[in-house]
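Reviewing the structure listed below.
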Amino acid sequence: MARNKIALIGSGMIGGTLAHLAGLKELGDIVLFDIADGIPQGKGLDIAQSSPVEGFDASLTGASDYSAIEGADVCIVTAGVPRKPGMSRDDLLGINLKVMEQVGAGIKKYAPNAFVICITNPLDAMVWALQKFSGLPKNKVVGMAGVLDSSRFRLFLAEEFNVSVKDITAFVLGGHGDTMVPLARYSTVAGIPLPDLIQMGWTTKEKLDQIIQRTRDGGAEIVGLLKTGSAYYAPAASAIEMAEAYLKDKKRVLPCAAHLSGQYGVKEMYVGVPTVIGAGGVERIIEIDLNKGEKEAFDKSVAAVAGLCEACINIAPSLK
């Protein structure tokens, strides 16, 4: 049986990390693509030379022509400009929208049957534009945000409670930005909801609010520390989890930026919600019950994403 083919569009820090993780997990043969000739070829060769040491069988090639992604089963898009200190994700809009137009055309021509995972920021607007530019089915184009945001939330909670990260489940809804909505009520330690843990004296509401805010600022905290770029290990691991769910038909319940067609009262937009990912792409959107405060926070997040999509249309009217 032929191996799966994974196309990584963008060979920066996330792209290289994606290639290494995909190789280690033997998800398939890997093509690193970048318009900067030499970088994908060099990274591909470097990672390939680690395969005898690490014991994985996968072909790794680098390319600067979209024809190399032909027939890919999964495309993971990181192409674009990363955040620098002082920039918001939204500051990247104009630059990265043009990149999405080129990437969308490449995928449309060479990999129209792929499951596409977008990581480029501002995430919710970029995945929406990428689906429009590529013309791929809406359930086959998703944004990586919720898995990463939930992972950050889970880590901070595990540190607060001094328990294993494996015993924490966490939910983050909404846009991938300052208005994201980490849901304490639906987050648990070994099945015990966070509000119950406050009553049990494990933490305080004030401490939990600080953790929620730190989760919202998770990307900016790393940008501020690195000073020359943005996070790449955790974003890459998060996207690989989504790709693996698709390739192995795992039916994983994963939060991601998915296309909504009426769920949560939202239409024709990509927003972070819990989904089931399997061989059909986004096979189901899970519509959880939100209380008044949660719904208001979610609606505020949706409004922020809608504003970004409107800004995209102003730049590229063809997106209407």
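Using N, Cα and C of the backbone, Cβ positions are placed for all residues, glycine too.
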*Candidates Asp34, Asp37, Asp73, the one Swiss-Prot lists with Gly10, Ser11, Gly12, Met13, Ile14, Gly15, Asn96, Ile119, Thr120, Asn121 as binding NAD(+)*: Asp34
*Arg152 (substrate binding site) versus Ile14 (NAD(+) binding site) - Cα distance in angstrom*: 17
*Write down the Cα-Cα distance for Arg152 (substrate binding site) and Ile119 (NAD(+) binding site), rounded and given in Å.*
16
*So which recorded positions are near Arg83 (substrate binding site), with CA atoms within 10 Å, out of Gly10, Gly12, Asp34, Asn121, His176?*
Asn121
*Measuring Cα to Cα, how many angstrom lie between Arg152 (substrate binding site) and Asn121 (NAD(+) binding site)?*
17
